[in-house]
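Q: Just passing along the structure, written as structure tokens.
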Amino acid sequence: MSPPISPTPPPLQPPFPPTAIARGPDRPDPPPQHQQAAESLVNAAAQHVAPTCPPTSDELPQMEDQATNSSNDSLIPSRQAPNQEETENAITAGTPPDEMEPTKDAQTVRFSSSSPASYSTHEYPTEEINEPRTSSRAPNTASSQMAESSFDFRSSRDIGSIRMGASALVSALNALPWEEDDDSDDGEDDDEFIEPARGSSSTIYERKQRPQTPSTSHGFHPTHTLHFPFRQNAIARRACQPGTTELDYQYATPETSSRRTSAAGSESSSEGEVPLPKGFVSHPNLIVPSGEGEAAAHPDPKLISDRITKEQQIADVEEQAEILRSAEEQEMRLGKEFVPPKSRDSADLNVDAALREGGSEREDVIEEQMQTNEAEKRLTRNEKLAERLMEVFGLEEREEVLEEMKCWLLRSVMLKGYMYLTKRHICFFANMPNENNLLVKSGPLHKKASRSKLNTKFWVVLKNDVLSWYESTSDPYFPKGNISLQYCHSCDAVSGTRFKVRTSERNYTFTADTESSRDEWVKAIQKVMFKTQHEGETIKLIIPLEAIVDVEKSPTLEFTETIEVKCIDAEDQMSVDSYFFASFPDNDYAFSAIQKLVRERPSPPELPRISSVTTIHANQEPLDTSHATIKRHGTDSSAEKLGMASHRPFRKISSVLKPLILKSSDGEPLEEHSQGPHHNDEDASHLPHIEAISNRRRSEEESDNDYFDGYPPRQVGPPPPSMNDDARNWRPSWIRKPASKLFGSSPSGSFVSHPGRLPTDSSTTVTESGPSLRSRTGRTKQASVTEVIEPPIQYEEEVSEDEMSNKPSVVDSNSAETARKRAARLSWTSETSSGSQMVKSKSDFSMLGSESGHSESAETVRKFRTFFALSDKEELIDHFPGYLYRVLPVSGRFFISTNYFCFRSSQLLYKTKESFRLMIIPIRDLYGLKAQKAFRFGHSGLTVVIKGHEEIFIEFRSASRRKACIALLEERMEAVRLSGENTIVDSHKIEARIMEDLDESTPVEPKSPWPVSPSPLFGSTTSTSFLEFKPEPMKITCLTIGSRGDVQPYIALCKGLQAEGHITKIATHGEYKAWVEGHGIAFESVGGDPAELMQMCVDNGMFTVSFLKEGLQKFRGWLDDLLNSSWEACQGSDLLIESPSAMSGIHVAEALRIPYYRAFTMPWTRTRAYPHAFAVPEHGRGGPYNYMTYTMFDQVFWRAISGQVNRWRRNVLGLDATTFDKMEQHKVPFLYNFSPTVVPPPLDWTEWIHVTGYWFLDKADEKQGEKSWTPPQGLVDFIDKAHGEEKKVVYIGFGSIVVSDPEEMTRCVVEAVVNSGVCAILSKGWSDRGSKKGEPKGDSEGADGVKYPPEIFAIDSIDHGWLFPRIDAACHHGGAGTTGASLRAGIPTIIKPFFGDQAFWAERVESLNVGSSIRRLTSHQLASALIKATTDEKQISKARVVGEMIRKENGITRAIEAIYRDLEYAKSIIKSLPSTDDRTPERISSLLHPLTTADLSFNRVRSRSRSRSRSSQGRFSPRRHTVDDDGWSVVSGGSRSRSGSASAVTSPERRPLNIGSALGSHVFKTALLPNTFGKWRNLEEGDDR
């Protein structure tokens, strides 16, 4: 009779109901119930994940008897079974039972525990599930069949390793409720006892606390920590977080008793139903009648079954993947000798882990144990690296990597890569990746014309694989010519400073300024040629330790020691080849490591040698036949003779040069049997016979026709086994490139240019009839050094049909597919090898008028790439005829390709003059397109806006062509932008690292920071231009005078030099001491007051006559103090960097005999491109005027100081007097710290003059140990409020400028701000210095009697680096540092120059159209400039582009590179000390003599009688008869010789100075001197007075 059906299911209760955990007084201390529950759960989980063997027929009866006994016995006979009405919830609340469906070969787990004597301690085996069950209901037939098929549990002896039970354990731990339910109802009957369910292996008892360690009666269970080798599997995750469907299924009320019985043996309860795990059968008396749960909704059984099946499949897949991954990691960690433990089965391990792991903290423990420590990671990585080396270098066996170091291999080209040290080999690996948009080198060179033979100076740029030359650095899109280095044969230095670049069509001759510059260009071009012709290839060097004779340090390079590895030549035992390695992270450590490795190498008998007569047996299966088979091309049935190689999956095409040293299992070298044309079945599995005659001399004796001239290199020794990776299509790779020789003096070790290709012209032969390999001398072959160049892997889809159709046939039909994969690198000699890469043009134009159909298009593409020197990857999309306007319209054709917009003139006149013949603009540089009216009737115009360049105007004959061009260009611009190819390469990255790591996916070592300077692409082994080899740490002194802006760049430079390991010091005015030392830089004080100097410059102008007159009165003593203090400040220096304004540096460096550099913030070197910064006219006057300003200023400046300087040289420095010509200032290396974007380097500057970029000092006002700078209070709110009101914010500040009327200047600025409608941040400092410092500064309300409006926020000082990026425009005085800061922020800049170089920067800003210049400050002009700066979109966008380019520069890095590069040159120009007889002529007066003694210079004559030989007169200067400048004075009216006559040779009156400008006339005419140049005298003539 069925009990009444509950109307609604009760709420869910915890998994353990009170009846399941209650105890009675007669049950004082029962065994733990959870132990048995865990045992059952683990059994259930293990049965579905751990396949086991089924029991034998003999074991089945015994197991049935045990099951019967276990069902009849009772652990506690005195206890009574509970009433049938009492119900109990299932103990599981996690994984549904059907998800834990076991396999047929499952094994149960038993928990053994020490219990009191009153309890039974024997185990109860699991009852066979397929046995008929005793129940109050008749089981459903289908359900019984399902249970019978699903629950066939068997015992097993070996279940596997711990990994096989780990997932089961996780499921059990997550499903088992370890915590005791403290909130259970105590009112329940505590005396009720649940009899053990049938089918379970033990009785469930309650316990208060789960033991943390297993308590077992068996002593063979050791305690261990459980490690989970893989993440929590899917079953455990679903057990922790079951889905809604799973919960509905678990807690659903069963419809029939048969389903409940057959599905899970579940129990019903008024509290709700939870199915028991499989293997648990409820007691017959506890089964609820079938009608109780019919009111509850139950899902469709088919849906449940499908869901369970799907989830089971997902779980199996995930779990299998985790197990395999764990197995692989475990095997790699332990090596091949790893043996799984056999002492314990997985059931015992699962039981121990279940008892030991804490329930509440199990997830944390699992997560913690899953994390591998650093030692394990390192071990795993070493194992992977050893495997990788064995594969890449073709080693015979896996060798432990003892050391891995970055280094350079020094040969005819410098190769950067990695060295790996093993117990048997020294391996070197270098890779040349594909790099685009790489600026390698640029600079001025003279090019010899092909017709006139005249040399013309161009700006030459080596970018990617193209050498181009331009008329100007400011016009980078119109090259005058170019050379594609891909087709160059050679680049060699010739006589003097000339070098030639040779192609198949013609030779090009270039001339550099110096031999060192010539060598750099030659190395750069050679390196790019090598890289281009071997792009994507790898270079490998394998040196067996057996071949090493000695290892020693060699001073090959000046700035670093190289490690020389000497190896015996395998060809000639009397010769030794040397390999030089340099630039290790630690040279001493690398040297000691290599030495130790060589000392501890095995003795020769222990090392396997390559025998000349070697027989290889292939009857052992482990022998990899694919690595020992070489097939001569042209033979038939190559697939058959390759044996297993044809079936071996392709693994790595670039496997290299494995030494032919194959061992048998006992370690002895294997012998190789010949396999002739007729062989039996037993020999069918043997290797084909290999015979390689590697002796060069023998081949010469045997064949007179086989002449070997040393190149291409040939293989020495038997071909390595790895060449069988593709043994059927050997072809010498040097055929495709005429001059791709890697090693200039190639050692006689083996040099294989491509594995898998047999050089047809080498002496290596393959025969099939000889019984054995023959030796050239009969003695054992020594291990030889292997050098390999491997081409990149080419895939089939990368090779076009045209390439295959034009490629010579070098392989048989069986290897055609492999040949297609490599055709791209082998088709160099094909004329149409790149034709298939063309996109069909939309027009029918052919540049040369070809009419050959499809070949016309291919010919067009080929010639397009040739004309513009573009790579084969560049695809021509379309081309249009049109006109390019360069003063006059130039007819030609515009080409649009994948990444470039090009133009080529078609006019004969322009072709002859090579003027505007070519235009090449990267599409990434295009800023916009704008249709416009044409200049001519019937044409359509188009304006092309280029980033950082002037606009280009072009015309088309029809609007349709213009529309098509615009559409295509816009499409390409968008495509380039989306593909990320629009990044601009840093201009300072002039050199590239072409060598990469061994394993691209896993770095060989952590990416430690390399030196700041980029690694060189054109390093010379004899030149310091190889910047990777830095000099030893030096003591560097920076000498400068002037304002704060003159000192700040040197602080930035010194901090960069300190980062390089040098000791730096700044010598400047004493008022900057605290500031300099606050940045951690040593300080030395020099004389002079910058405030007085600045005031004099503002009042009188820079270096005018009035400035000189006032200087005579005030600064004669100042100059003496400056010279003497500079000499003292520079003591102990190894290198001196000076601003030319300090005037003393070149003399101090000569006395100290140290390298000397100059650095300045404005142009100081003669050029026709820009005027002198102190003589900038209001309007441009052309190149002659610009050059004259430098000449004039140099002469006047030297004349002004020469007298005092020469006396100081004699009295303090111990040097003879000098002249302007003998100083040779134009030869001094110069560092200009402004941007090449703002001031492009002129063509007439030499190669030791560098425009490095700005030396920015971020947070200049911060000091070491002080808190960071913070903006003034209210400034941020002011800026945000203005932007919120849509007003522009500008900065106005003129620095510490001394002005005559500060009140008027303040009023002008305020009115301009109000009239322009902007908000201004005003930094009023123009009355804070010099004689004006006593005046009031003003406050935030106003200054100088002018009240500030709300639109002005007044500040005292501000960090420009913080402020400028937050505002819209800046107006300042035009100092070099402030101008650089505003341009760097990318905002329009307004400059009001006051003195010095400020007018120059104002002119540059206006020329670049990134701002305005105000010559005369008025409120109207300033307001107009502010309006234009904040509203002119063209000016704003141009300023933004310039800012982006400046931010990409790194001026400090480039300056340090230039210092390293020119250090050798700077040392070479140090003058030697003269002998006592070589005294220079001297002058007799000084500019700074008092004005009241006009003839004092004559009375101060100090004549010395000197005897000179003719041989000594020309030692220092070719103009030896030029007398010293000490006897001339602008003020005194000159001096005359003691003989009363001027020297006809040296008198300046007879020198044409070409001073015809208004400025020059004004300077010299206002001097009011009877003789502008004064009198010159020759002391040699006056000695005999």
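Cβ coordinates are placed from backbone N, Cα and C, and glycine is handled just like the others.
Keep in mind that what you see is a predicted model, and the values were worked out from it rather than measured.
Found this in Swiss-Prot, in case it helps:
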REGION    1-151  region 'Disordered'
REGION    177-225  region 'Disordered'
COMPBIAS  178-194  compositional bias 'Acidic residues'
REGION    249-279  region 'Disordered'
COMPBIAS  255-273  compositional bias 'Low complexity'
REGION    625-645  region 'Disordered'
REGION    666-852  region 'Disordered'
COMPBIAS  670-689  compositional bias 'Basic and acidic residues'
BINDING   Ser1043, Arg1044, Asp1046, Ile1358, His1360, His1373, Gly1377, Thr1378, Asp1397, Gln1398  UDP-alpha-D-glucose binding site
REGION    1499-1552  region 'Disordered'
COMPBIAS  1529-1545  compositional bias 'Low complexity'
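Have a look at these and tell me how they're positioned relative to everything else.
A: Here the Cβ of Ser1043 (UDP-alpha-D-glucose binding site) has 20 other Cβ atoms within 10 Å, regardless of which shown protein chain they belong to.
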Q: What does DSSP call Ser1043 (UDP-alpha-D-glucose binding site) in the simple three-state scheme?
A: coil
Q: Using a 10 Å cut-off, grab the number of neighbouring Cβ atoms around the Cβ of His1360 (UDP-alpha-D-glucose binding site), all chains included.
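A: Cβ-Cβ neighbours of His1360 (UDP-alpha-D-glucose binding site) within 10 Å number 22.
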Q: Under DSSP, is His1360 (UDP-alpha-D-glucose binding site) part of a helix or a strand, or is it coil?
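A: The residue in question, His1360 (UDP-alpha-D-glucose binding site), is helix (DSSP, three-state).
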Q: List the same-chain residues at least 6 positions away in sequence whose Cβ sits under 8 Å from the Cβ of Gly1377 (UDP-alpha-D-glucose binding site), in sequence order, or say none.
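A: For Gly1377 (UDP-alpha-D-glucose binding site), the qualifying residues are Gly1045, Gln1048, Pro1049, Thr1161, Tyr1254.
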Q: Which whole number of Å gives the largest C-alpha distance between any two of Ser1043, Arg1044, Asp1046, Ile1358, His1360, His1373, Gly1377, Thr1378, Asp1397, Gln1398, the residues noted as binding UDP-alpha-D-glucose?
A: 23
Q: Using a 10 Å radius around its CB, how many other CB atoms surround Asp1046 (UDP-alpha-D-glucose binding site)?
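A: So the Cβ neighbour count for Asp1046 (UDP-alpha-D-glucose binding site) comes to 23.
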Q: Using all protein chains in view, find how many other C-beta atoms are within 10 Å of the C-beta of Asp1397 (UDP-alpha-D-glucose binding site).
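A: A count of 24.
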